[in-house]
Amino acid sequence: METSNGKPIISVVVFIVYIVTLVGNTTIILVSYLDTQLHTPKYFFLSSLSVLDLCYTTSIIPQMLANQWGPKKSITYGVCVLQFFFVLDLGATECLLLAVMAYDRYAAVCQPLHYTLIMHPQLCQKMVLTAWLSGLAGALIVCSLTLKLPRCGHREADNFFCEMPALIKMACVYSKVIEIAVFALGVVFLFVPLSLILISYGVITQAVMRIKPATRWHKVLNTCGSHLTVVILFYGTIIYIYMKPQNTISQDEGKFFTLFYTIITPSLNPPIYTLQNKDVKSALRRILWMKKCSAKS
């Protein structure tokens, strides 16, 4: 299968963003693992999100750069199917994981005395595992339906990688079944988690409003700001792409939003979560200090 050619500047930007994504998310994973003070549900979920983002971008960017820089602008059908499946699987999993992280913040703010009992390690592990398995099930359904569509000889996907909207546009027939299935799964993986996130932060805001005005909004921003920023960036673009009828989205428009939520957003997650995070900054300083001490000894 052939993929569309992109401008050289895009491939350079994508490469830089990929390096930033690798360094940022790997740092979060290592710091959360090495510093015992970060062995909490919040950083367990944040590490899980970083692992997810690493897998997500790695399933897309290396092949994209190979197509942009290599002599052949093509991808084998088998690799295309695998890429399509992993993008669906990891994207759906991230939708659910963001909802899990919102529930964790709700428990931390609204149930502080019972937080350790509510968010015990076994529950956290089960919630992450459920998100992964649910994403896998949703991806299997959408992937199987999409790949059954007849291609009628079309072999060119006008996109940077193999994604559902681009593959649907390659089909020579319109499928009402797949549109209904995608909408139903969109409700499950997009609107339901997003609704739970908004409800969680609505309750958090009500609880924080009882605090004295001087510290009220500072508390809200510290608790909700980073996560809500990621939610808006990720959900906003993915809802626009997947819930809007595919025949109403232009190719250039679809490629822009696809590039944003699959590549740009994962690179922004580490700075968004750590820029104002004193715990992570302190953990980094402790780890670096310990390394210096061990080097001197």
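Quick reminder: no glycine exception, Cβ is built from N, Cα and C everywhere.
Nobody curates TrEMBL annotations by hand; they come from automatic prediction.
What TrEMBL records for 12-31 (among others) is transmembrane segment. Same-chain neighbours of the transmembrane segment (12-31): 38, 46-47, 50-51, 53-54, 57, 61, 64-65, 68, 259, 263-264, 266-267, 269-271, 273-274, 280, 283-284, 287, counting only residues six or more beyond its ends whose CB sits under 8 Å from a CB of the stretch.
Under the heading domain 'G-protein coupled receptors family 1 profile', TrEMBL lists 24-273.
As annotated by TrEMBL, transmembrane segment applies to 43-65 (among others).
The feature transmembrane segment is assigned by TrEMBL to 77-103 (among others). Same-chain residues lying 6+ beyond the ends of the transmembrane segment (77-103) with a Cβ under 8 Å from its Cβ atoms: 1, 42, 45-46, 48-49, 52-53, 55-56, 59-60, 63, 127-128, 130-132, 134-136, 138-140, 142-143, 146-147, 157, 161-164, 167, 185, 189-190, 192-194, 196-197, 200-201, 227, 230-231, 234-235, 238, 262.
Annotation comment: TrEMBL describes 127-147 (among others) as transmembrane segment.
Per TrEMBL, the feature transmembrane segment maps to 177-204 (among others).
The annotation transmembrane segment is assigned in TrEMBL to 224-243 (among others).
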